[in-house]
Every structure is written in C-alpha cells, then in structure tokens.
Amino acid sequence: MGKVTKLKLAVLISGGGSNLQAIIDACNAPDYPAEIVLVFSNQLDAGGLERGRRAGIRSEAISHKGYPGGREAYDNAVSTLIEESGADLVVLAGYLRLVSESFVTRWKDKLINIHPSLLPSFKGLGVHQAALDAGVKFAGCTVHYVVPEVDSGPIIAQAVVPVLPGDDAGKLAQRILKQEHRIYPQVIRWIAEGRVSVDAKGIVTVADAPKADFAEINPALEPG
Ligand code: GRF
C-alpha cells in the first residue's frame with residue numbers, strides 16, 4: 001500500500017493544552033488521518049508546549065506582549081510560522097487570544113475552534129459560571145469554523161453534559177472538558193476525510209458519518 005497523505009495540523013494554544021494532548025493521542029493511532037506539524041503558543045510558559053516537545057513536534061512560542069506593530073503584525077508572524085510548517089488546518093485549542101480579521105480571512109475554511117459552551121449560548125469567557133447563573137440544565141461544548149465575530153461561525157459538532165446539583169464552575173468545566181477531548185479529534189478526523197461541508201446558510205453537514213460517531217460524541221442523544 002502507498003503512503004497515505006495525512007492532513008497537517010497547526011495547533012494553537014495558550015495554556016495547559018489538554019485538548020492538544022487529546023489530539024496528539026489521536027494522531028498516535030496509525031490509521032488516524034491527521035498529524036500535527038506545529039504547536040504554537042502566545043504564552044511563553046504554556047504547559048502545552050512541553051506536551052508538544054515531548055511528542056517530538058515542533059513547538060514554538062512568540063509572546064504577544066509588546067509585540068511591535070500590534071495585533072495585525074503579530075498575527076502575520078503567526079501566519080508565516082503556520083505557512084512554513086505546511087499546515088492545512090489551523091486548530092485553536094484553548095488559544096485565549098482574539099485573532100484579527102485578516103488572520104481569519106487568511107485561514108478561511110481552514111480554521112476551527114473549540115468553545116466550552118453550547119453555542120450560540122454563552123460566548124466569551126467565564127462561560128461555566130454564566131451557564132450555572134442562567135440555571136441551564138444542560139451544558140456542553142462546540143467545535144466550529146472561525147469567522148471574524150467571536151465564538152460564532154458554522155457549528156460542526158457539539159456534545160452535551162448535564163448540569164448536576166452541587167456543581168460549581170470547576171466541576172462543570174471538568175465534565176465538559178472530557179467531552180472536548182472526544183469531539184475535537186473526531187471533528188478533525190471528519191475534516192481530514194473530506195466529509196464536512198458548509199451550505200450557504202452556514203449549516204454544516206457531515207457526509208456518511210456512522211451513527212456511532214454521533215452516539216459516541218453525545219451520549220445524551222439517541223441518534224435516529
Ligand atoms: C478549553 O475548555 C477550551 O474549550 C477553552 O479553553 C480550555 C483550554 O483547555 N477555549 P486546554 O488548554 O486544552 O486544557
């Protein structure tokens with residue numbers, strides 16, 4: 001058999017990188033159709049950089065603080081790094097920095113994000129506490145294509161978790177994070193397999209996704 005070409009990923013982080021780790025672990029399976037070619041952080045001390053290096057992946061950081069030329073110039077430098085890496089898809093995984101419109105345009109349809117709420121509810125930061133304060137009974141996470149407006153853009157996948165009596169923001173965040181680690185590698189697989197399309201209204205369809213894919217990412221839902 002010939003060598004299968006894998007989708008090349010640049011994963012952008014700011015912190016501990018548990019989502020990055022989930023993607024690294026998925027990529028370690030020989031039949032997984034993607035590989036990480038670059039880990040990038042805007043925080044020099046992001047724990048995720050070590051995860052990348054340990055996995056033998058090129059892992060770079062440039063601090064955004066005091067970067068000459070501001071956000072646009074910074075994002076151009078990041079884009080150059082990504083281009084040099086040969087990445088096909090840019091994966092924001094806890095990248096706690098607003099990206100400029102030109103960055104979004106440069107990586108249009110090749111830029112995805114994970115957000116720890118059921119969008120379009122609870123955009124921005126502090127979402128776990130906001131969900132508790134709103135009294136919702138279900139929470140979850142969303143993987144979506146990135147558009148200039150923050151935490152918007154076509155929704156590719158979501159997973160739902162219950163809000164339980166006695167939850168605080170930390171407990172809820174942990175429950176949601178577990179689902180993030182399942183759906184992000186799953187979505188990357190779908191994209192790598194060329195099964196994800198977006199219609200003119202921004203509605204995403206995943207072609208030929210076995211029901212099991214959905215059942216697995218959302219145990220609260222019986223597909224059918
Ligand atoms: C995740 O909850 C992600 O959804 C949010 O930031 C957190 C990052 O966690 N944007 P980690 O760095 O992947 O552990």
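Each residue's number is its place along the chain shown, starting with 1.
Cβ atoms are placed via backbone N, Cα and C, with glycine included.
Bear in mind that the values here come from a model prediction, so they are computed numbers and not experimental data.
Per TrEMBL, these features apply:
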ACT_SITE  His115  active site, proton donor
BINDING   Gly17, Ser18, Asn19  N(1)-(5-phospho-beta-D-ribosyl)glycinamide binding site
BINDING   Arg71, Leu96, Arg97, Leu98, Val99, Asn113  (6R)-10-formyltetrahydrofolate binding site
DOMAIN    8-188  domain 'Formyl transferase N-terminal'
SITE      Asp151  site 'Raises pKa of active site His'
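TrEMBL feature annotations superimposed on the structure.
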residue	record	Cβ contacts under 8 Å, 6 or more apart
Gly17	N(1)-(5-phospho-beta-D-ribosyl)glycinamide binding site	Val39, Ala46, Gly47, Gly48, Leu49, Arg51, Gly52, Ala93, Gly94
Ser18	N(1)-(5-phospho-beta-D-ribosyl)glycinamide binding site	Gly94, Leu177, Glu180, His181
Asn19	N(1)-(5-phospho-beta-D-ribosyl)glycinamide binding site	Ile13, Ala93, Gly94, Ile114, Glu180, His181, Tyr184
Arg71	(6R)-10-formyltetrahydrofolate binding site	His64, Leu98, Ser100
Leu96	(6R)-10-formyltetrahydrofolate binding site	Ser14, Gly15, Asn42
Arg97	(6R)-10-formyltetrahydrofolate binding site	Ser14, Asn42, His64
Val99	(6R)-10-formyltetrahydrofolate binding site	Asp75, Leu92, Leu111, Val146
Asn113	(6R)-10-formyltetrahydrofolate binding site	Leu92, Tyr95, Val143, His144, Tyr145, Val146, Asp151, Gly153
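Among the recorded positions listed (Gly17, Ser18, Asn19, Arg71, Leu98, Asp151), Gly17, Ser18, Asn19 have a CB atom closer than 6 Å to some atom of ligand 1, in sequence order. Taking the Cβ of the residue listed as 'active site, proton donor' as reference, residues of its chain lying under 8 Å away and at least six apart in sequence are, in sequence order, Lys123, Val127, Cys141, Thr142, His144, Asp151. All protein chains considered, the CB of Asp151 (site 'Raises pKa of active site His') has 19 other CB atoms within 10 Å. Listed in chain order, the extra residues whose Cβ falls within 8 Å of the Cβ center of the N(1)-(5-phospho-beta-D-ribosyl)glycinamide site residues Gly17, Ser18, Asn19 are Ile13, Gly15, Gly16, Leu20, Gln21, Ala22, Gly48, Arg51, Ala93, Gly94, His181.
In the three-state DSSP classification, Asn19 (N(1)-(5-phospho-beta-D-ribosyl)glycinamide binding site) falls within a helix. Restricting the average to the domain 'Formyl transferase N-terminal' (8-188) gives a pLDDT of 97.
Among the residues the record lists as binding (6R)-10-formyltetrahydrofolate, namely Arg71, Leu96, Arg97, Leu98, Val99, Asn113, the two farthest apart have Cα atoms separated by 19 Å.
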